[in-house]
Amino acid sequence: TRYADCNGSEASEETEIAVNIGGVKHILYGDVLNRYPETRLAELVNRATDSTQDLCALCDDYDDSKREFYFDRDPEAFKCILELYYYGEIHMKRGICPMCFMKEMDYWGIDADYLDECCISSLNEVQTELEEIAEKVKTILDDLEDDTTLTRAQRCQTFLWKLMEKPESSLAARIIAVASFAFILLSSVVMCVGTIPELQVEDAEGNLVEHPTLESIETACIIWFTLEYILRFLSSSNQVRFVFSFMNIIDFLAIMPFYVVLILTHLGTAVMELANVQQAVQALRIMRIARIFKLARHSSGLQTLTFALKSSLKELGLLLMYMSVGIFLFSALGYTLEQSHPDTMFTSIPQSFWWAIITMTTVGYGDIYPKTTLGRCNAAVSFLCGVIAIALPIHPIINNFVIVYSKQRVLETAAKHEIELMALRAKEEAQDCPEAERTVSPGSSSVWDSAAVSASQSDTYIPLLGDTANMSKDQPTHKCKNN
């Protein structure tokens with residue numbers, strides 16, 4: 001590819017260099033390249049008369065007979081690099097990895113500020129994903145490594161935390177997670193079954209209460225939840241943050257009603273009337289429904305749904321705004337149009353809100369309905385607007401859920417793949433360095449062996465973290481040389 005200047009001058013009348021990028025030859029002119037003198041190409045032009053040995057430091061190879069520079073780089077990425085010299089900005093082409101392109105820009109001595117805004121946004125997205133993968137890698141490494149500087153109490157605390165919070169860390173932890181999930185389901189089923197009148201029994205005063213067998217099962221579940229909460233609290237490294245965590249508040253609310261009911265039943269009658277105690281007991285029993293939210297701790301699907309709803313707050317807010325405006329508008333119109341009918345059911349605008357809600361959401365209980373012709377026309381328009389208002393944000397919300405779910409799967413796979421690569425690098429270094437090989441425990445053969453852990457401590461270079469912190473910097477390789 002030949003690039004001429006805007007005046008159409010011949011190549012012999014100005015400084016030019018020939019570069020071969022991955023087999024693609026380019027003729028570049030000095031006046032164009034010197035627009036950015038700090039770049040590698042501009043330095044090639046200015047040092048074209050240097051010795052061959054000095055020029056080879058700026059390229060992969062140099063042919064003195066042809067006066068041609070050879071670079072083992074991506075030719076497609078280089079075409080984007082050339083846009084800087086002719087247009088003053090750079091655009092990444094589709095299909096080029098943003099992080100690899102940043103390394104190309106760093107190699108050619110071009111600052112990332114020359115990227116166009118549209119490309120910077122895609123670069124930031126990739127950088128954020130790499131940071132999340134790196135965070136997962138650090139979490140996995142923290143679970144794998146065994147810090148010998150910890151005291152026995154700290155080791156027990158760490159072991160207990162992994163046992164209660166990391167189901168993938170061991171078989172015992174996985175069994176505890178399955179048992180906890182089973183107790184949550186059992187407790188929820190018992191709570192529902194206990195309200196069936198045929199399964200209830202009468203107490204001494206003739207009131208229907210839960211069957212003793214169901215109460216025994218409920219007590220066993222509460223004992224498990226209490227023991228689980230205490231062990232997790234004791235093993236937490238930051239107990240204040242543990243107490244105020246949202247999911248831990250849910251766990252506490254699921255346990256607390258049982259003990260409050262127990263205290264009120266045995267001690268409350270001496271302070272309050274029996275009727276007041278029974279009302280308080282019934283109100284606290286309702287709070288047992290909070291334990292169903294404990295399923296989110298053991299269900300990645302529910303966690304993904306929560307993240308998707310968080311990312312869809314704008315769409316949900318838009319839906320609520322549409323519905324609020326429609327409810328107020330159609331309830332006011334319904335009240336006004338129905339006033340002429342003697343048997344009107346619309347006695348006030350606030351009372352008409354209920355009719356507008358069940359109409360716009362297409363529920364239609366039929367307890368309140370218009371009786372005039374204009375009122376029915378208003379009702380028809382209201383439920384048509386309700387269908388449209390509900391349908392509009394559904395697709396973005398579903399799309400957000402699919403994106404979040406797919407991203408979580410990709411991040412988990414990428415983190416495990418990065419760990420395997422680090423383990424392979426550690427094995428290569430152990431083979432190259434006899435001193436490092438002696439530190440590896442004998443008999444370890446999997447990619448999760450001690451070589452991977454010892455080469456991946458918190459003070460050791462993690463490739464993903466290095467790429468995100470120094471996006472386009474060439475990272476040093478830790479290789480030992482045999483003298």
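Every residue, even glycine, has its Cβ placed from backbone N, Cα and C.
Per TrEMBL, domain 'BTB' is recorded for 15-125.
Marked as transmembrane segment by TrEMBL: 171-196 (among others).
The annotation transmembrane segment is assigned in TrEMBL to 246-267 (among others).
Outside the transmembrane segment (316-337) by six or more residues, the chain places 309, 346, 348-349, 352-353, 355-357, 359-361, 370, 372, 374-375, 378-379, 381-382, 385-386, 389-390, 392-393, 397 with a CB less than 8 A from a CB of the stretch. The transmembrane segment annotation in TrEMBL covers 316-337 (among others).
Under the heading transmembrane segment, TrEMBL lists 349-368 (among others). Nonlocal intrachain contacts for the transmembrane segment (349-368), taken as residues 6+ away from its ends with a CB within less than 8 angstroms of a stretch CB, comprise 323, 326-328, 330-332, 334-335, 379, 382-383, 385-387, 389-390.
Residues or ranges marked as transmembrane segment by TrEMBL: 380-398 (among others). Nonlocal intrachain contacts for the transmembrane segment (380-398), taken as residues 6+ away from its ends with a CB within less than 8 angstroms of a stretch CB, comprise 308-309, 312, 315-316, 318-319, 322-323, 326, 330, 334, 356, 359-362, 364.
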Looking only at the domain 'BTB' (15-125), mean pLDDT returns 84
Write out how many residues of the domain 'BTB' (15-125) are helix, how many strand and how many coil, based on DSSP.
-> 51 helix, 21 strand, 39 coil
